[in-house]
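Undergrad: Attaching a single structure in structure tokens format; questions to follow.
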Amino acid sequence: MTQLTAEGEQAAPVGRASDVPSPAAPSPARAAVPDASLAIATHGLTKRFGSQVAVNDVDLRVPHGAVYGFLGPNGSGKTTTIRMLLGLIEPTAGSRSLLGMAIPQQATIALHRVGSLVEGPAFHPYLSGRANLERLDAADVLADPRTTRVRIGTALERVGLTAAAGKRYRAYSLGMRQRLAIAAALLAPRDLLVLDEPTNGLDPQGTREVRSLIGSLASDGTTVFVSSHLLAEVEQICSHLGVMRDGRLVAQGTASEVRGGGTVSLHLVTAQPEEAAAVLTALGVQSVIADVGEVRGIPGELEPEAIVAALVRAGVGVRSFTASSPSLEDLFVSLTGEGFDVSG
Amino acid sequence: MSVAEAELAGTSHAPGIAALHPRRRRLSTRLLRSELRIIAGRRRNQAGLLVLAAVPIVMAIAVKMSTPRAGEGPDFLSSITSNGLFVPLAALSVEMAMFLPLAMSMLSGDAIAGEANLGTLRYLLTVPVNRTRLLLVKFASLCIGAVWGIAAVALPGAAIGIALFGTGPLTTLSGSQIGFGAAVWRLVLVILYLAAGLAGLAAVGLFISTLTEVPIAAAIALMVFTILSWILDSVPQLGWLHPWLLVDHWLAFGDLLRDPMAGGEIGRGLLTAAGYAVVFWLAAWARFAGKDITS
């Protein structure tokens, strides 16, 4: 697991090498041409606020059609990265493109095809949910006013807010507000959705609905970029993962690549832990720890079948044997550091 | 890979959507209309309009009830009884000092700082709305708000004035008399002139609004600006400064009620208002165009 925790430079190529065959990747002019094969691409994206580096040399590569889970603890730079992607914040260094179009140069065309949810919902409190959506649609010069009513109705329907559409926003619960924000992101046909903590404030039922909504959008071909600090919700829906820590992207790639980067560990339950530990050590298993009734270790390249066979040959009774990749949560903790301390 | 190729490849991923939305760049007033609906729909603004409208009504009734004593009261107030149209003029001269600038302060505080405070600014900008366009629309809505505010004083004032004092010929400040139709025309000119003055003030407010995320702070700052202007305007030793003060020109609207109309001071007032509008709108743009939106 150590090779992944070390630095972003080591971890990031996980995704680059195999996942995204990009014509722009080998190019020396890495900031010059927006990469059209990617829905989101950043090169050396960096943001300093005074002396503090909020985002440090981030190279995001989100392929078209992916559901990309953007993970990291609070304060790791996720939202600042998203704000830079959407042109709200100007990076100190680096470049970014959405759907192959450079931001901010082509932001007007690009952002029209991008639905976004940034740092929670925000609407006019004394307007109804529907009126708030009408206002956002009115602001979009590329939106067709003739279809406004239909599009708003469809978006409200999709998030299950039709019944409450006429209520004032200030009377909405947190979950309803979150749903309205997602409806706003779906107002126009989108090629890319950037959703910052989309299930914040939703009950378990609502969380499931959002998950299935993201799934159905993705199956329509929409690329979805979801940031979250909740692993469970990301684990189930994401095809790709990126992990932020202290402003750096410490891992990126397809979900299996990122998870495969974690080291397999074995767990043996036996009545003879001492003998088992001796056998395992002789086989070349690393970090063998014998405890009461169980043994742990890191098998490295050894096949689980060979280990069990060796144990049985040595007369060790095996009650249970597990060789497992780390859960996403273990991986997350190993990548981002344990504990609840907010980074920096 | 050239940029053209890159764009081609980019659109090829979603040909249907690209075809649905050809690159139209037409002049749309939808955002402005939405802005005006929000301003007009807000309870606080409606209450403000009622207060603005109440002043001429109270003044007219007070004058009607009191027994006229010669030689007292300000110019317009003593003229009210001769023609109802002097009611809105008297009310405007009173309300231009504080009430109308206060109304502009509230509106301009809402303009950018209010949206930042609610968080709606980030969603407007990611719609996307071009920042320059947003500032233009906000300023236009403030200008229309200024006309609303002044009309809220002038129209009820004219209505109650005519109801209580009739529509006799109007005696101009020069002493001659003009007919009712000509007098209404003069009143419209006064409304437009004062709206131009408030528009200059609104540009200052818009600039202040880009500096903060707290709408009430922006509103107070514009009131401080207004009050300071009045104070400076009242210090005779600062006479050299007075032509540069926005407020110094406002009460010159009386020149529109002379016969013939005196244009010099009015022209300087309009120029000053236009100067403030341009300078402070550009300052707002310089501040806002590249600002990091972290609200």
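Positions of Cβ are set from backbone N, Cα and C atoms, glycine also.
Checked TrEMBL, it gives:
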type: TRANSMEM; residues: B:47-65; note: transmembrane segment
type: TRANSMEM; residues: B:85-103; note: transmembrane segment
type: TRANSMEM; residues: B:139-164; note: transmembrane segment
type: TRANSMEM; residues: B:184-207; note: transmembrane segment
type: TRANSMEM; residues: B:214-232; note: transmembrane segment
type: TRANSMEM; residues: B:269-288; note: transmembrane segment
Undergrad: Suppose I define contact as three or more CB-CB distances under 8 A, residues 6 or more apart in sequence; do the transmembrane segment (B:269-288) and the transmembrane segment (B:184-207) meet it?
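TA: Per Cβ check, the transmembrane segment (B:269-288) touches the transmembrane segment (B:184-207).
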Undergrad: Tell me if the transmembrane segment (B:214-232) touches the transmembrane segment (B:47-65). I count contact as 3 or more CB pairs below 8 A, with pairs 6 or more residues apart.
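TA: Contact absent: fewer than 3 Cβ pairs fall under 8 Å.
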Undergrad: Could you give the residue numbers and ranges of same-chain residues that sit at least 6 residues beyond the transmembrane segment (B:85-103) on either side and whose C-beta is under 8 angstroms from one of its C-beta atoms?
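TA: Distant contacts of the transmembrane segment (B:85-103): 48, 51-52, 55-56, 59-60, 74, 76-77, 79, 145-146, 149-150, 153-155, 157-158, 160-162, 164-165, 167, 170, 180, 183-184, 187, 190, 194, 197-198, 201, 222-223, 226, 230, 250-251, 253-254, 257.
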Undergrad: Cβ under 8 Å, sequence separation of at least 6 from the ends of the transmembrane segment (B:184-207): give me the contacting residues as numbers and ranges.
TA: 85, 88-89, 92, 96, 100-101, 104-105, 107-109, 111-112, 135, 138-139, 142-143, 145-147, 149-151, 154, 158, 170, 178, 218-219, 222, 225-226, 246-247, 249-250, 253, 256-257, 261, 266, 269-270, 272-281, 283-284, 287
